[in-house]
Amino acid sequence: MTQDGTWSDESDWELDDADLADLAEAAPAPVLAIVGRPNVGKSTLVNRILGRREAVVQDIPGVTRDRVSYDALWNGRRFVVQDTGGWEPDAKGLQQLVAEQASVAMRTADAVVLVVDATVGATTADEAAARILLRSGKPVFLAANKVDSDKAEADAATLWSMGLGEPHAISAMHGRGVANLLDTVLKKLPEVAESVSAGGGPRRVALVGKPNVGKSSLLNKLAGDERSVVHDVAGTTVDPVDSLIELGGKVWRFVDTAGLRRKVGQASGHEFYASVRTRGAIDAAEVVVLLIDASQPLTEQDLRVLSMVIEAGRAVVLAYNKWDLVDEDRRDLLDREIDRELVQIRWAQRVNISAKTGRAVQKLVPAMETALASWDTRIPTGPLNSWIKEVVAATPPPVRGGKQPRILFATQATARPPTFVLFTTGFLEAGYRRFLERRLRETFGFEGSPIRINVRVREKRGAKRPGRR
């Protein structure tokens, strides 16, 4: 080591900082809503427009239950595609709730594509939708879907009777006619600037947890409207749904996700695919709010989801929901039980809430802010090495193979999550790395954020790129 306590070959040992800066948000883009009856091919059309599989597609009416927005690009034009649940004017129960979602999409979009199954023809529901859309004053385009051949063009022609102008004959499944439809639609949308804002955009929050734990209810309580379908059916929310919500004087981007099933491999159809998408939502988030049912014992599934969030390296807030269902004389006991069950992650932010009544929901914002501040934290190299020197002097690493490893140099390679690299003369046992993590937290905080400690062993003098252990 040099006199200032750093390894003399520091330039050879340091890792390059990963580029974790968020991509700048695009300028506000016009919204194109895709609406129609259940199972007419809306999500397939959305996927065709995007050129990738995003919307859940399955041959079962009602698979898409929430409004879902995706950024799209066509011939240099940026816009937002909004997928919706099936639109049924007189739907009951869950279908009625989805119909309300579609109605909101009609009101908030800049243009609407009404998708009709050309092989079925215009139904009473299709004609009712057309009348409502015409009254909206928005540009409306009629997509006659499932026209897979020239012979089927006649089916599309019968839809002139709906009064929406020319039916655009398409096959969302095979791509037929979709390009011409988009060219026509984009002529009615305002131009979108290609320049990208220098701002970072709202912090991203994923809501995760078992089915029916209260994710949608919490989102609605925070947003103050029925943004996400809430229904007393486990697994009601199928697609991740982004909502921009102002809380505590700032805007947050919430992603409401489908509950992870007991075992993803055992889920079938759209449930399996939505579970995979939930994993993607965790990866896309910066802070994850894990909802746990306080009225029930902690389950293996809860712990498995928590492990997945930590492995993804996201800031964490544990929200024990349905706290209002816990007897007051049991709450202190339950708090202690939770501390014992989660002893390995005492660093996680925790709040006890009721999404239904709104109890303590306001505590979520400070918890998320604390977790994100820890997640963003960087410790300068000088103070970090001074700290490691003091810790090692008081508690050296255990002897391994007759030799005691020395820590030569420490650096924080990245934030988000804070990741530290220790350059050593030998392998550090897992127990000692956990000890260092505890001491790091005692000194520097990191409340609500996982931290990672990687070790690079200097096998012999002069080795410039030692292997990671």
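Each position is counted from 1, following the chain as shown.
Positions of Cβ are set from backbone N, Cα and C atoms, glycine also.
Here is what Swiss-Prot records for this protein:
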DOMAIN    30-193  domain 'EngA-type G 1'
BINDING   36-43, 83-87, 145-148  GTP 1 binding site
DOMAIN    203-376  domain 'EngA-type G 2'
BINDING   209-216, 256-260, 321-324  GTP 2 binding site
DOMAIN    377-459  domain 'KH-like'
Whole-number Å distance between the CA of T84 (GTP 1 binding site) and the CA of N212 (GTP 2 binding site)?
21
How many helix, strand and coil residues does the domain 'KH-like' (377-459) contain under DSSP?
29 helix, 22 strand, 32 coil
Could you state the whole-number distance in Å separating the C-alpha atoms of G209 (GTP 2 binding site) and K42 (GTP 1 binding site)?
28
I'd like the number of other C-beta atoms within 10 A of the C-beta of N212 (GTP 2 binding site), please.
17
Which secondary structure state does DSSP assign to N39 (GTP 1 binding site), in the simple three-class scheme?
coil
Taking just the CA atoms, what is the gap between N212 (GTP 2 binding site) and N39 (GTP 1 binding site) in Å?
25
Rounded to a whole number, how many Å is the Cα of N39 (GTP 1 binding site) away from the Cα of K215 (GTP 2 binding site)?
26
Position of peak Cβ density within 10 Å, selected from the binding-site residues N39, T84:
T84
Express the distance between the Cα positions of K215 (GTP 2 binding site) and K42 (GTP 1 binding site) as a whole number of Å.
25
To what whole number does the mean pLDDT across the domain 'KH-like' (377-459) round?
92
